[in-house]
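**Student:** Handing you this structure, nothing more for now.
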Amino acid sequence: MMIIKEPKELQQELKRRRFEAAKQGRELTVGLVPTMGYLHEGHASLIRKARANDVVVLSIFVNPIQFGPNEDLDRYPRDAARDLALAEKECVDIVFMPEVQHMYPQPTKTKIQVEGLTSSLCGASRPGHFDGVTTVVAKLFHITKPDFAYFGMKDAQQVAVLSQMVADLNMDVQLVPCPIVRESDGMALSSRNVYLNEEQRSQALVLSASLKEAYELVQEQKSTTAAELKKLLTERIEAKPLAEIDYVEVLTFPELEPISEQTRLSDYEGDIIAALAVKFGSTRLIDNMLFQKKDVALHV
Ligand SMILES: Nc1ncnc2c1ncn2[C@@H]1O[C@H](COP(=O)(O)OP(=O)(O)OP(=O)(O)O)[C@@H](O)[C@H]1O
Ligand SMILES: CC(C)(CO)[C@@H](O)C(=O)[O-]
Ligand code: BAL
């Protein structure tokens with residue numbers, strides 16, 4: 001497994017590998033898994049999907065420009081040694097772990113902004129966040145030129161925003177959305193779970209539990225409306241004294257448009273997402289459930 005810090009070095013290494021393959025009449029496919037490190041089973045699931053490619057590139061970079069001034073950039077969990085061990089175990093070919101000065105030798109004057117999709121949910125609570133995400137992911141795409149790039153549906157809005165960017169800018173990469181990996185008790189894996197104390201962790205289970213209940217309700221009662229779903233989720237979360245709701249939304253996916261409160265989920269022609277962001281102490285967690293047409297949940 002190679003470890004590379006300099007963007008230029010990664011570009012040259014991939015060029016070299018593609019050239020060697022072409023000499024043998026082969027075309028290399030490259031799979032990219034972008035992460036911020038402190039790896040867990042959710043990241044491992046993306047890496048395993050990416051193994052369908054000839055070369056798996058895992059990027060580990062805590063991207064400063066996607067954090068707001070009062071967010072957790074400084075205390076974001078980091079453990080390079082553990083990350084490298086997991087990457088090795090999962091047969092990653094190249095780990096790209098640049099320092100901030102490698103990715104941003106000077107403050108970037110170029111930013112990519114996806115309109116509309118970034119104005120709700122996490123985009124509303126974290127102004128500028130998605131500009132930071134799209135800009136760094138575009139840089140990673142330019143450095144790596146991946147055929148496929150793997151993203152978790154835990155960050156469903158991120159998937160919607162990046163898909164729009166790829167389509168709008170004719171980027172020659174296929175995004176692969178991957179299902180949410182959960183603990184056995186339902187909790188969505190997240191690097192930030194490490195911030196939670198025992199009581200917060202226990203109460204945070206309400207996120208996945210209420211989404212599961214919402215899913216079951218839609219299965220049982222085809223007449224369930226968006227408003228009823230939102231009410232159920234809000235009530236369950238509000239019952240937890242440590243929970244502070246940032247948002248509880250029921251929107252179309254991937255357009256992220258509001259649907260009328262009285263719309264029955266079973267009547268809507270496209271996919272619908274129930275998305276949550278809730279703070280426990282200073283830790284903000286997100287989770288979601290996608291309802292596909294005919295009330296089939298994709299990402300339980
Ligand atoms: N539980 C999970 N299941 C599937 N994919 C996941 C999961 N958690 C994170 N990912 C995906 O891994 C990629 C890298 O995410 P990131 O490094 O921010 O991890 P994270 O656990 O989401 O961290 P954070 O706690 O900062 O939200 C993203 O595409 C993200 O959606
Ligand atoms: C895609 C990403 C690696 C960009 O920094 C980040 O937003 C994340 O970890 O989801
Ligand atoms: N996975 C999302 C990255 C962030 O919260 O900044």
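Every residue gets a Cβ built from N, Cα and C, even glycine.
What TrEMBL says about a protein is an automatic prediction, not a curated fact.
What TrEMBL records for this protein is below:
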- His43: active site, proton donor (ACT_SITE)
- 36-43, 152-155, Val181, 189-192: ATP binding site (BINDING)
- Gln66, Gln158: (R)-pantoate binding site (BINDING)
- Gln66: beta-alanine binding site (BINDING)
**Student:** Would you mind pulling the DSSP three-state label for Gly42 (ATP binding site)?
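**Tutor:** It is helical.
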**Student:** For ligand 2, list the recorded positions among Leu39, His43, Met153, Ser191 whose CB atom is within a distance below 6 Å of it, in sequence order.
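**Tutor:** Among Leu39, His43, Met153, Ser191, near ligand 2: none.
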**Student:** With respect to ligand 3, which members of the recorded positions Leu39, Gly42, His43, Gln66, Val181, Ser191 satisfy a Cβ distance under 6 angstroms to one of its atoms?
**Tutor:** Gln66
**Student:** Cα of Val181 (ATP binding site) to Cα of Gln158 ((R)-pantoate binding site): how many Å, rounded?
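**Tutor:** Taking the Cα atoms only, Val181 (ATP binding site) lies 16 Å from Gln158 ((R)-pantoate binding site).
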**Student:** Which recorded positions from the set Met36, Leu39, His43, Gln66, Val181 have a C-beta atom lying less than 6 Å away from ligand 1?
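**Tutor:** If the test is a Cβ under 6 Å from any atom of ligand 1, the answer is Met36, His43, Val181.
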**Student:** Which residue, of the binding-site residues Leu39, Met153, has its CB surrounded by the fewest other CB atoms within 10 A?
**Tutor:** Met153
**Student:** Rounded to a whole angstrom, what is the C-alpha distance between Gln66 ((R)-pantoate binding site) and Met36 (ATP binding site)?
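**Tutor:** So the Cα of Met36 (ATP binding site) lies 11 Å away from that of Gln66 ((R)-pantoate binding site).
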**Student:** Could you tell me the C-alpha distance between Gln158 ((R)-pantoate binding site) and Met36 (ATP binding site) in angstrom, no decimals?
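**Tutor:** Distance between the two Cα atoms comes out at 14 Å.
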**Student:** Counting across all protein chains present, how many other Cβ atoms fall within 10 Å of the Cβ of Ser191 (ATP binding site)?
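**Tutor:** Summing over all protein chains shown, Ser191 (ATP binding site) has 19 other Cβ atoms within 10 Å.
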**Student:** In whole Å, note down how far the CA of His43 (active site, proton donor) lies from the CA of Met153 (ATP binding site).
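**Tutor:** That separation, Cα to Cα, works out to 11 Å.
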**Student:** Where's the emptiest Cβ shell within 10 Å among the binding-site residues Gln66, Gln158?
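**Tutor:** Comparing Cβ neighbours within 10 Å for the binding-site residues Gln66, Gln158, Gln66 has the fewest.
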